[in-house]
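*Asks:* Taken from Swiss-Prot, the feature transit peptide applies to 1-25. If you look up Swiss-Prot, you'll see 43-207 marked as domain 'Exonuclease'. What Swiss-Prot lists as Mg(2+) 1 binding site is D47, E49, D199. The Mg(2+) 2 binding site annotation in Swiss-Prot covers D47, D147, and the record cites similarity to another entry as its basis. For L53, W96, Y164, the entry in Swiss-Prot reads site 'Important for dinucleotide binding', with the evidence type similarity to another entry. Marked as phosphoserine by Swiss-Prot on the basis of similarity to another entry: S92. Here Swiss-Prot flags Y122 as phosphotyrosine. The N6-acetyllysine annotation in Swiss-Prot covers K173, and the record cites a large-scale study or a structure entry as its basis. The active site annotation in Swiss-Prot covers H194, and the record cites similarity to another entry as its basis.
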Amino acid sequence: MLGVSLGARLLRGVGGRRGQFGARGVSEGSAAMAAGESMAQRMVWVDLEMTGLDIEKDQIIEMACLITDSDLNILAEGPNLIIKQPDELLDSMSDWCKEHHGKSGLTKAVKESTVTLQQAEYEFLSFVRQQTPPGLCPLAGNSVHADKKFLDKHMPQFMKHLHYRIIDVSTVKELCRRWYPEDYEFAPKKAASHRALDDISESIKELQFYRNNIFKKKTDEKKRKIIENGETEKPVS
């Protein structure tokens, strides 16, 4: 009897530990899955400064990158690189580019830089690989469709890591300007420094404004109308 009792106790002990290990494994697996889903919701914010907008002849001279979560909280600040370009290209820029890039100090910084386009792509690709899963997170920015053209051409490996969709703040801006002009009047004004990192920060703040003052407000109004009409709010499918 003693042997059976001891054996039973031993089996129960092993089974209990297995149960604990199994529960821990499920818990850790769920946490990992939740973390993966959260990372998939991140946004890759990019801003470029170029020598112009002609995709056939102009080049990238500055690039910055920030990562936010879906609520627009900044999670990581990536490289902010000045990319070397030949003096002939800088000399052939439009008067607008010469004025603004000269005033901001960017033209001088480009002439002094030793960073190549290939080195820049490697740095940015390494950064986004650390912060986002492949193929799931969209490119975000202001008029970012223009940046995307240059990135597709000059940094294809970087772009392959991102989702094919984009989040363009300028689209939201133009819709709000037309649909909610009273609210749009209070949108944050851009300082127009024409430096990549400053422009990204301004774009994030601008989208935060639209989210907090227009998207949220309209959602709250809809909920109030549903309650006033005595309707049951339908769950989102």
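From the backbone N, Cα and C atoms, a Cβ is placed for every residue, glycine too.
Because the structure is a prediction, the values reported are computed rather than measured.
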*Asks:* Just give me the nearest neighbour of D47 (Mg(2+) 1 binding site) among the recorded positions W96, Y122, Y164, K173, H194, Cα to Cα.
*Replies:* H194
*Asks:* Neighbourhood of the Mg(2+) 1 site (D47, E49, D199): other residues with Cβ within 8 Å of the Cβ centroid, in order?
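*Replies:* Residues close to the Mg(2+) 1 site, other than D47, E49, D199: L48, E62, M63, A64, H194, R195, A196, L197, D198, I200.
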*Asks:* For the domain 'Exonuclease' (43-207), provide the mean pLDDT of the predicted model.
*Replies:* 96
*Asks:* Spatially, and counting Cα to Cα, which of the recorded positions is closest to L53 (site 'Important for dinucleotide binding')? Options: W96, D147, H194.
*Replies:* D147
*Asks:* Between C-alpha atoms, which of these recorded positions comes nearest to the residue listed as 'N6-acetyllysine': E49, D147, H194, D199?
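*Replies:* Closest recorded candidate to the residue listed as 'N6-acetyllysine' by Cα: D199.
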*Asks:* According to DSSP, which of helix, strand or coil covers E49 (Mg(2+) 1 binding site)?
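*Replies:* SS state of E49 (Mg(2+) 1 binding site) = strand.
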*Asks:* Long-range neighbours only, meaning 6 or more apart in sequence with Cβ under 8 Å: which ones does the residue listed as 'active site' have?
*Replies:* E49, H100, H101, S104, L106
*Asks:* If H, G and I count as helix, E and B as strand, and all else as coil, what does DSSP give for S92 (phosphoserine)?
*Replies:* coil
*Asks:* My understanding is the cutoff is Cβ-Cβ under 8 Å with a sequence separation of 6 or more in the same chain; which residues meet that for D147 (Mg(2+) 2 binding site)?
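*Replies:* In sequence order, the residues whose Cβ lies under 8 Å from that of D147 (Mg(2+) 2 binding site) (at least 6 apart) are V46, D47, L48, L139, G141.
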